Amino acid sequence: LTGVLDDCLCDIESIDDFNTFKIFPKIQKLQERDYFRYYKVNLKRPCPFWADDGHCSIKDCHVEPCPESKIPVGIKAGSANKYSKAANHSKELEDCEQANKLGAVNSTLSNQSKEAFIDWARYDDSQDHFCELDDERSPDAQYVDLLLNPERYTGYKGPSAWRVWNSIYEENCFKPRSVYRPLNPLAPSRGGLAFVCLFFWTGLCLEKRVFYKLISGLHASINLHLCANYLLEETWGKPRWGPNVKEFTRRFDPVETKGEGPRRLKNLYFLYLIELRALSKVAPYFERSVVDLYTGNGHEDAESKALLLDIFRDTKSFHMHFDEKSMFAGDKKGAKSLKEEFRLHFKNISRIMDCVGCDKCRLWGKLQTQGLGTALKILFSEKEIQSLPENSPSKGFQLTRQEIVALVNAFGRLSTSIRELQNFKVLLQQTR
């Protein structure tokens, strides 16, 4: 897999080198930090589009929620207060005072935090999101330790998995209607997550081509994770996970996939570029002193922010970014309509994630979809980001903690995919 990607002026070799030597080691460390390892998610939301097929009964589909006692108190306080307009009143204030007595909350930040909580609530009420966000106040929403629930092959496949991807591609992807080709649930599944066939781009504008590539790239990335972290054997209750070259070949080999495998992987690189661009664009938001990756541990919080800013510096140093200014650049009325259609299509895909029957697949599907949705939100908010106030919470652009965690972990998954692709290249050479 070599050469220049379509719709941008970037070559695959440059991305490989940049990811391997600059991004991958740092993003791995960042994901291990408390701020980014705990993700609050509702895995019990009903599927809004069809009758529930029932949850996967395979043990590897299970997600172990994190006990409340393990969650850093700063994260719990942030999630509870962020959406409350009365964050500085009554019981919440008493909780803060109690936490202060225990040394868990830095009292010098309280007034600033209260102002931020009100702004967050106001902004969240009015903001048009690209994703259907979970209600963190729901009793069904639970914290999950992402490090203890890694994304890997679970055995989830068949009609339920087929229906999810078929709905995403056939009902929510832009493509010429004349080449409608549904995925066949009766065909050999190649591991249960079959790909949609190639569509011709004749007459399809840049924005719609980009949308399809983003979804295809996300699908390719997920399949790469499953191939790289596959259950190879389970003896005496000790499972062994690792790369499965045969499974990788089935999903991506040019002969096995009738030439589609390399195209899917190119879409993975394209998605990487999109999210990389979003990280470089959102850097000013985090560079402000008012933004703190707050967990309650001052030393770790400072280190986490320093590492995040270091990654931002690396993203800015990359010289072959995708130029999002080329999107929605037509007449204002048409561009606005297309952008709204783009947003609604993607929001619908985020809702489909609640139809995934495997809890672990649902967890990582929701997180990576929200991460991409956050990246799109950033790319379409450049003016608001550029006008952020330095020393006070922003009124025009805001990211919730959930969006920040999803953004970083979703990009971390893409970085891992590209790194794993290098590993598979070596393994394939060894088998020849």
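Placement of Cβ uses the backbone N, Cα and C atoms for every residue, glycine included.
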According to TrEMBL, the cysteine among Cys227, Cys361 that forms a disulfide bond with Cys358 is Cys361
A correct count of other C-beta atoms within 10 Å of the C-beta of His219 (FAD binding site) gives 22
Nearest by Cα to Ser216 (FAD binding site), of the disulfide-bonded residues Cys61, Cys358, Cys361, is Cys361
All chains considered, the count of other Cβ atoms within 10 Å of the Cβ of Trp165 (FAD binding site) is 20
Check: min Cα-Cα distance from Arg251 (FAD binding site) over disulfide-bonded residues Cys61, Cys358, Cys361 goes to Cys361
When each of the disulfide-bonded residues Cys61, Cys358, Cys361 is scored by other CB atoms within 10 A, the minimum falls on Cys61
